[in-house]
Amino acid sequence: MNKNKTGLLFGVGAYSLWGLFPLFWPLLEPSNALEIVSHRAVWTLVFCFIVLAITKSLKATVTTLKRPKVAAKLFLTSFLISVNWLIYIWATNNGHVVEASLGYYINPLISITFGVLLLKEKMHTLQWVAVGIATLGVLVLTVDYGRLPWIALGLALSWGSYGVIKKQLGLGALEGLFTETLIASVPYLAYLLYMGHMGTGQFGHNTGLTVLLISAGAITAIPLLLFNGSTTRLPLTMIGLLQYITPTLQFSIGVWVRHEAMPVARWLGFLLIWLALVTLAIDLLKSSRSVNNSVT
């Protein structure tokens with residue numbers, strides 16, 4: 001199998017697994033969202049520790065925390081990923097899968113906006129058009145929901161901010177996840193111990209649920225490893241297009257598996273978002289062709 005086909009399989013696998021997450025987190029109930037996130041962080045740390053130890057990358061990864069500027073940014077990314085996980089799991093387990101999918105649909109547009117505002121990047125005409133259409137879509141959804149779609153915006157802003165800072169760090173995906181969960185696991189482990197002491201935690205009371213809580217670590221890290229494998233084998237254009245697999249699967253689960261309400265106005269809002277993403281995809285393909293032509 002050639003490099004591109006392997007990369008494509010890895011990429012589709014990663015984004016598909018992320019897209020199927022709404023089927024997994026409800027299995028961890030009656031654990032509440034904070035307990036699930038706490039277990040997710042702790043067991044992800046354990047999984048990453050094992051992988052890094054096997055690959056003999058552990059010492060070099062831990063050393064990064066000794067650099068004050070890097071450590072400060074890792075504390076921030078740890079906070080942002082925790083916020084993202086908490087919002088997402090709460091939304092998934094409380095009947096807001098469709099709105100959560102919206103967050104990941106608009107995330108590329110948020111990333112472009114951050115690039116302009118924070119990194120002084122220039123936007124192409126089609127990118128401006130895409131952002132404008134998406135803004136209109138969010139306004140339509142705000143009217144439909146009767147409130148700002150805070151779940152979607154919270155997910156997009158936390159993930160977009162996380163991406164900007166991670167770009168500056170230059171750490172590998174697994175190494176970054178290990179250090180972030182290492183930092184986050186301190187308060188989370190304290191919370192789990194407190195719940196265990198009070199007798200309110202779910203861990204250990206049911207074998208099936210306990211196994212599922214432990215498996216949250218592998219389920220978090222495996223898609224990331226697949227994603228890492230795809231980014232080294234595929235052009236960024238392909239990665240940019242594959243990313244829409246995740247919210248599309250989430251949306252499908254929300255509408256056709258969880259049977260969440262989709263009034264006409266909500267469909268209209270999502271159609272505008274999808275139109276914005278098609279516009280963005282066209283711009284991405286045009287930019288890729290321009291780069292290829294200039295190289296040849």
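Every residue, even glycine, has its Cβ placed from backbone N, Cα and C.
Annotated features, as they stand in TrEMBL:
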DOMAIN    6-142  domain 'EamA'
TRANSMEM  7-28  transmembrane segment
TRANSMEM  40-58  transmembrane segment
TRANSMEM  70-90  transmembrane segment
TRANSMEM  102-119  transmembrane segment
TRANSMEM  126-142  transmembrane segment
TRANSMEM  148-165  transmembrane segment
TRANSMEM  177-196  transmembrane segment
TRANSMEM  208-227  transmembrane segment
TRANSMEM  239-258  transmembrane segment
TRANSMEM  264-285  transmembrane segment
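Only pairs six or more apart in sequence are counted, and the transmembrane segment (177-196) with the transmembrane segment (239-258) gives fewer than three Cβ pairs under 8 Å, not enough to call it a contact.
The residues of the domain 'EamA' (6-142), classed with DSSP into helix (H, G, I), strand (E, B) and coil, number 119 helix, 0 strand, 18 coil.
Contacts between the transmembrane segment (70-90) and the transmembrane segment (126-142): absent, as fewer than 3 C-beta pairs lie under 8 angstroms at sequence separation of six or more. Restricting the average to the domain 'EamA' (6-142) gives a pLDDT of 94.
Tertiary proximity for the transmembrane segment (102-119) is limited to same-chain residues at least six positions away from its ends with a CB under 8 Å from its CB atoms, namely 88, 127, 130-131, 134, 138, 141, 149, 151-157, 159-161, 163-164, 240, 243-244, 246-247, 250-251, 270, 273-274, 276-277, 280. When each of 7-28, 208-227, 239-258, 264-285 is checked for Cβ pairs under 8 Å to the transmembrane segment (126-142), 264-285 comes out on top.
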